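Notes to accompany the following structure.
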Amino acid sequence: MTLTSTLGYPRVGPHRELKAALETYWRDGEEAPLLDTAKSLRRASWRLQKEHGIGHIPSNDFTLYDHVLDTICMTGAVPERFAAGAEIDLATYFAMARGAQDGTRDVAAMEMTKWFDTNYHYIVPEFSPETNFRLAFTKAIDEFAEAKALGVHTRPVLVGPFSFLKLGKATVAGFDPLDLMGRLLPVYENVLKRLAEAGADWVQIDEPCLVLELGSGDLAKCRAAYSALSAAAPSLKLMVATYFGALPEASLETAMALPVAGIHLDMVRGRSQYEAALSALPRDKLLSLGLVDGRNIWRTDMEAALTLAERAVLTLGPKRVMISAACSLLHVPFSLAGEKSLDPELKSWLAFAEEKLGELAVLARGVKEGRTSISTELAENAALFEARRNSPRIHNPAVRARVRDIDPHADRRGRPFADRQSIQQKRFGLPKLPTTTIGSFPQTSDVRKARASLRRGDWNEAQYDAFMKAEIEKTIRLQERIGLDVLVHGEPERTDMVEYFGEKLEGFAFTSLGWVQSYGSRCVKPPIIFGDVSRPEPMTVEWSRYAQSLTDRPVKGMLTGPVTILQWSFVRDDQPRSETCRQIALAIRDEVYDLEAAGLGMIQIDEPALREGLPLHRSEWDTYLRWACECFRLSVCVARDETQIHTHMCYSEFNDIIEAIADLDADVISIETSRSRMELLDAFVDFSYPNDIGPGVYDIHSPRVPARGEMLSLLRLAAERLPSERIWVNPDCGLKTRGWPETEAALVEMVEAARELRNAIGA
């Protein structure tokens with residue numbers, strides 16, 4: 001019989017219950033309410049999937065912060081600064097994720113970076129030749145037993161040993177973490193044995209790194225690892241799960257040869273591997289087909305998915321085929337049930353996590369009982385696709401004409417950077433090592449209440465404007481008092497750097513409860529790009545104009561770039577992403593023009609998501625980077641030479657895209673570097689990056705206030721790599737999620753660190 005499965009399920013709860021519980025724990029320190037909430041969310045997830053008839057329900061996919069952090073704890077790979085070897089309690093767990101600063105310790109958090117090309121973030125493991133492993137965290141075993149006690153037989157999920165080591169960071173130059181495989185495997189073998197003893201029959205081992213382009217040496221280490229794992233608990237059936245794309249030929253060959261019972265392949269983003277997989281699958285293996293998109297919110301084309309499933313069953317037999325989501329459903333919102341205000345027609349085109357469970361059930365029934373058993377569902381699905389295809393709301397002829405008429409040679413600024421830099425320095429007269437922030441400032445409950453009051457109609461526009469202007473003035477005066485050189489208005493009016501703009505652009509729609517986990521307690525509510533994009537009126541001009549009127553210091557106009565808006569939205573799937581991005585770029589260009597006309601001399605267009613859009617296969621990079629950089633330049637090319645264009649990027653490795661970053665031709669780029677101790681700057685040095693750079697000198701994802709000496713040390717590291725006249729001083733990222741006291745304290749220390757270095761170099 002053909003079974004259904006999911007690889008993982010949303011963790012935060014339908015109403016962000018996990019976020020509330022985490023923030024309460026971080027404030028009050030009481031463990032019991034947090035653990036009770038976590039248990040409740042796990043149980044609800046298992047029961048919901050069981051009710052929908054999912055055959056293989058995952059366990060250990062839930063986490064309090066991050067599943068890679070859980071694996072760090074499981075294997076005892078705790079860095080020395082967090083009391084490695086001691087019991088891993090909640091305080092240690094969260095210190096690794098967020099840093100810790102109290103009367104007994106002051107430790108920086110571990111690095112965090114993007115999970116492949118998604119907007120989820122994982123904690124980066126740290127490995128050295130001295131790293132040792134031990135089974136230090138039995139969560140995978142405990143949660144299997146917890147589900148079993150509820151009458152739910154689950155398939156435990158582990159981050160695979162190969163991907164765990166590949167995703168880590170070597171703390172010693174030249175060291176390959178894969179060399180630790182021999183030390184790591186006994187921990188996995190122990191876990192598998194204990195899961196078998198607890199009654200597990202299948203275990204899902206995620207190896208998403210197999211989707212990357214790997215060398216023969218890496219693949220050999222993967223094969224050797226699974227030879228050991230398969231022998232550890234012979235009664236267990238291992239399912240190696242890959243996702244986010246097609247496996248390269250050598251990786252697919254390796255996966256098919258692994259001594260495991262099943263292979264999961266993504267058939268949404270990796271449809272090209274379907275035929276090869278069917279022909280190469282050994283007779284002793286099961287093929288899990290990822291037919292339902294786990295990363296986007298559009299309904300599945302049931303006819304196309306069923307055709308793939310039917311052919312697989314015909315070729316392999318029903319007992320050797322499983323129907324699944326392409327990847328974990330943590331990347332989509334929980335359920336459409338709570339979306340009471342979403343347009344009914346648009347809503348009919350969508351499927352969130354719970355609806356995707358229903359799609360899996362329908363597909364499985366169609367395979368098991370034949371097409372006629374789901375003829376009604378197939379007809380309804382086909383009608384929805386036809387209605388969406390022909391809906392006038394998704395097509396805007398004026399937008400399409402404007403994109404069609406773009407001059408491919410007119411996306412550059414008037415003069416080269418060296419000339420612009422001289423013109424801008426004369427205009428602004430900034431000191432060496434100018435200080436600024438990335439854009440957002442802390443948002444209090446009063447700010448959030450003000451936005452809610454306007455939405456509910458409790459406040460009129462005049463009341464709302466008065467409140468926001470007071471917040472902006474407070475932020476401007478604080479920055480002046482601290483001594484920052486370039487100011488921002490603080491963005492109190494913005495819920496999110498993408499949602500805010502989407503609400504003001506045509507072609508976007510919004511959910512009420514469409515929250516998706518970004519990391520830990522951080523959730524985002526991605527807009528839905530359903531149609532052609534245009535800007536009906538200015539979006540930010542009045543707030544920025546007001547902020548600049550309050551001070552003689554330059555204030556940056558703050559925009560989100562077209563690539564980031566694209567990457568952090570649920571994007572229409574009926575046209576190339578590059579086409580949608582060009583539409584957004586033209587809308588942002590109109591805003592740049594209006595900001596400049598309103599007197600803003602500095603405009604920041606943030607592109608933190610530029611790198612995460614890279615295809616996982618390098619052979620596809622050039623095409624993506626060409627249109628992504630073109631879209632950024634298209635959005636800023638109307639700016640005059642005396643207008644300084646800033647951009648910001650975070651969570652990025654820049655070595656392999658440094659040419660593209662230079663091709664953006666932003667006057668100033670600020671980047672997140674504090675957790676990496678300025679190592680990310682090496683790419684800019686090696687490339688001789690010509691423009692100004694603001695390396696982040698403190699980690700805003702942690703509540704700790706860094707000491708002045710700590711930031712000064714980082715600035716000195718930057719000054720060893722770059723000419724001081726091209727260095728800006730700023731935090732790693734925006735400050736929205738921090739509190740006002742810690743923000744002010746950290747910025748005071750940052751400004752003093754910059755002044756101290758200025759004095760030291762005689763600037």
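Keep in mind that glycine also has a Cβ here, set from the backbone N, Cα and C atoms.
Feature annotations, courtesy of Swiss-Prot:
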type: ACT_SITE; residues: HIS701; note: active site, proton donor
type: BINDING; residues: ARG16, GLU17, LEU18, LYS19, LYS114, ARG522, CYS523, TRP568, GLU612; note: 5-methyltetrahydropteroyltri-L-glutamate binding site
type: BINDING; residues: ILE438, GLY439, SER440, GLU491, ASP606; note: L-homocysteine binding site
type: BINDING; residues: ILE438, GLY439, SER440, GLU491, ASP606; note: L-methionine binding site
type: BINDING; residues: HIS648, CYS650, GLU672, CYS733; note: Zn(2+) binding site
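What Swiss-Prot annotates, mapped onto the structure for a quick look.
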{"residue": "ARG16", "record": "5-methyltetrahydropteroyltri-L-glutamate binding site", "DSSP (3 states)": "coil"}
{"residue": "LYS114", "record": "5-methyltetrahydropteroyltri-L-glutamate binding site", "DSSP (3 states)": "strand"}
{"residue": "ILE438", "record": "L-homocysteine binding site", "DSSP (3 states)": "coil"}
{"residue": "CYS523", "record": "5-methyltetrahydropteroyltri-L-glutamate binding site", "DSSP (3 states)": "strand"}
{"residue": "ASP606", "record": "L-homocysteine binding site", "DSSP (3 states)": "strand"}
{"residue": "GLU612", "record": "5-methyltetrahydropteroyltri-L-glutamate binding site", "DSSP (3 states)": "helix"}
{"residue": "CYS733", "record": "Zn(2+) binding site", "DSSP (3 states)": "coil"}
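Proximity to HIS701 (active site, proton donor), defined by a C-alpha to C-alpha distance within 10 angstroms, is shown by the following binding-site residues from LEU18, LYS114, ILE438, GLY439, ASP606, CYS733: CYS733. When the CA atoms are compared, the binding-site residues lying within 10 A of GLY439 (L-homocysteine binding site) are CYS733, out of the candidates ARG16, CYS523, CYS733.
Distance between Cα atoms for CYS650 (Zn(2+) binding site) and LEU18 (5-methyltetrahydropteroyltri-L-glutamate binding site): 25 Å, as a whole number. Of all residue pairs in ARG16, GLU17, LEU18, LYS19, LYS114, ARG522, CYS523, TRP568, GLU612, the annotated binders of 5-methyltetrahydropteroyltri-L-glutamate, the farthest apart have Cα atoms separated by 28 Å. Within 10 Å of the Cβ of HIS648 (Zn(2+) binding site) there are 28 other Cβ atoms, across all protein chains. By a simple count of nearby Cβ atoms, those within 10 Å, the most crowded of the binding-site residues ILE438, CYS523 is ILE438. Cα-Cα distances to ILE438 (L-homocysteine binding site) place HIS648 within 10 Å, out of the binding-site residues LYS114, CYS523, GLU612, HIS648. Looking at GLU612 (5-methyltetrahydropteroyltri-L-glutamate binding site) and CYS733 (Zn(2+) binding site), their Cα atoms lie 16 Å from each other. Minimal Cβ crowding within 10 Å, among the recorded positions ARG16, LYS114, HIS701, is found at ARG16.
Here the Cα atom of ARG16 (5-methyltetrahydropteroyltri-L-glutamate binding site) is found 27 Å from that of ASP606 (L-homocysteine binding site). For GLU672 (Zn(2+) binding site), the nearest neighbour among the listed binding-site residues (LEU18, LYS114, CYS523), judged by C-alpha distance, is LYS114. Look at CYS650 (Zn(2+) binding site): DSSP puts it in coil. ASP606 (L-homocysteine binding site) and CYS523 (5-methyltetrahydropteroyltri-L-glutamate binding site) have their C-alpha atoms 19 Å apart, to the nearest angstrom. Annotation for CYS733 (Zn(2+) binding site): spatial neighbours ILE438, PRO608, HIS648, CYS650, GLU672, GLY696, ILE700, HIS701, criterion Cβ-Cβ under 8 Å with sequence separation of six or more.
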